[in-house]
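J.: As annotated in TrEMBL:
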BINDING   His19, His42, Ser100, Glu118, Asp156, Gly157, Asp177  S-adenosyl-L-methionine binding site
COMPBIAS  339-355  compositional bias 'Low complexity'
COMPBIAS  387-405  compositional bias 'Low complexity'
REGION    304-416  region 'Disordered'
SITE      Tyr4  site 'Interaction with substrate rRNA'
Amino acid sequence: MLSYRHAFHAGNHADVLKHFVQVQLHLYMNQKDAAYTYIDTHSGAGVYALDSFQATKTAEFDTGIGPLWNCSDVPAPLKEYLDLIKSMNPSGKMRYYPGSPWVAEQMSREQDRLRLFELHPADCKILAENFRKLDAHKAEQGERSRGRRVIIEHGDGFHSMKALLPPPSRRALVLIDPPYEIKDDYKRVRDALDEALGKFPSGMYAIWYPVLQRMESRQFADRLKRLPAKEWLNVTLTTNTPTPDGTGLHSSGMFILNPPYTLEAILREVMPYLVRVLGKDAGARFTIEKGTQVTGAAAGRLVGDAPRVPVGNARRASPLSGKGSLRLPGQSMPRADEAPAAPAKPARAGGPRSATPRDGALRDGAPRGNAARTRPDAATGPRDGAPRSARTSAARPAAPGAPRNGRTRQGGGGRG
């Protein structure tokens, strides 16, 4: 099925979470001089014009990059992501938004290699054209062209990834974010990861996924916890209460296998800020979980039909400043009410390289996915005595004034 195109959804809240985390993963990989290979299984078009027909029809960027564009109190790790977006828009006007291939190109170094796969023929063609224009721009600036550093292939990323692992340098960052249009995508992601970990267990694997009402989506993160990785980290961002009919993308997650040890602290600093700025109503919140492979009877409980029982090998993690929803091994998970998000603290500085064609030089991609919107009125804390564990959940604080209008938009976040 090739109906999903990301241009309708570029820059939405799911993209903000995905690309912010992606930037942090690249920064961590860049700390060592040794080269690494970046593999993108569902690349999309690479760059999207927010003034295109597709983007303006849904205006989903109003749920993500839009509210962040002029913020001045941004936490330092989030600023690294925003600096990359703004480097694409030298005029200061929010016009272009990058897909994951463009983020990777800007964040990677001369010695690193990018392998980009896209199955949709139109998006693959646009992706290649956008990188050709980037090469032309670099040539004008006296920089070397990408040569064989970046290879774009029209094909199935799930299948193609297998042949690239392990990479020659024994270092890799793999991003998997299919559109999840069909139920089989969830199984294909898990099967591909299971095989990849068998060939290259030390690789870093980042999986974007939608948090939806359907069974496959609700069980997805728990199934990933059973994969044979040394460690995992799962973060979700919810911007509003789900609609009664279950349509729209109100929440998404990033699940990282073999995550950087620095990532959890960065997320604890940035996620409360994203909830505060992007949250639309009292249902806005985030969660952070961290642990090791779930095995044995605990693994069966994770995906069974019985009431959810927490597993016993999730590691303890320090909670956020303020209240949240936490769990301990052997305890049922409390229902987390909303709590004021912790204030953003200054962090480290730094940002991506900037090499981008001048305004007007890029082609945008086209559609794919679903999301909803409204605005907050109140925030409450969790039940007294909420247990502590490796899961942290915090909600958006109350916003003064009347809520925004309650228009509902459809949205998506995979492939791009």
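The backbone N, Cα and C atoms fix where each Cβ goes, and this holds for glycine too.
Any TrEMBL annotation is an automated prediction that lacks curation.
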J.: Return one of helix, strand or coil for Ser100 (S-adenosyl-L-methionine binding site), based on DSSP.
T.: helix
J.: When the number of other CB atoms within 10 A of each residue's CB is tallied over all shown chains, which of the binding-site residues Ser100, Glu118, Asp156 has the maximum?
T.: Glu118
J.: Far apart in sequence but close in space: which same-chain residues, 6 or more away, have a Cβ under 8 Å from Gly157 (S-adenosyl-L-methionine binding site)?
T.: Ile39, Asp40, Thr41, His42, Ser43, Phe117, Glu118, Leu119, Ile176
J.: Measure from the Cβ of His19 (S-adenosyl-L-methionine binding site) and count the other Cβ atoms within 10 Å, all protein chains considered.
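T.: Its Cβ has 25 other Cβ atoms within 10 Å.
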J.: Translate the DSSP assignment of Glu118 (S-adenosyl-L-methionine binding site) into the three-state scheme.
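T.: Assignment for Glu118 (S-adenosyl-L-methionine binding site) reads strand.
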J.: Return the residue, from the listed binding-site residues His42, Asp177, with the maximum count of other C-beta atoms within 10 angstroms of its C-beta.
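T.: Answer returned by the neighbour count: Asp177.
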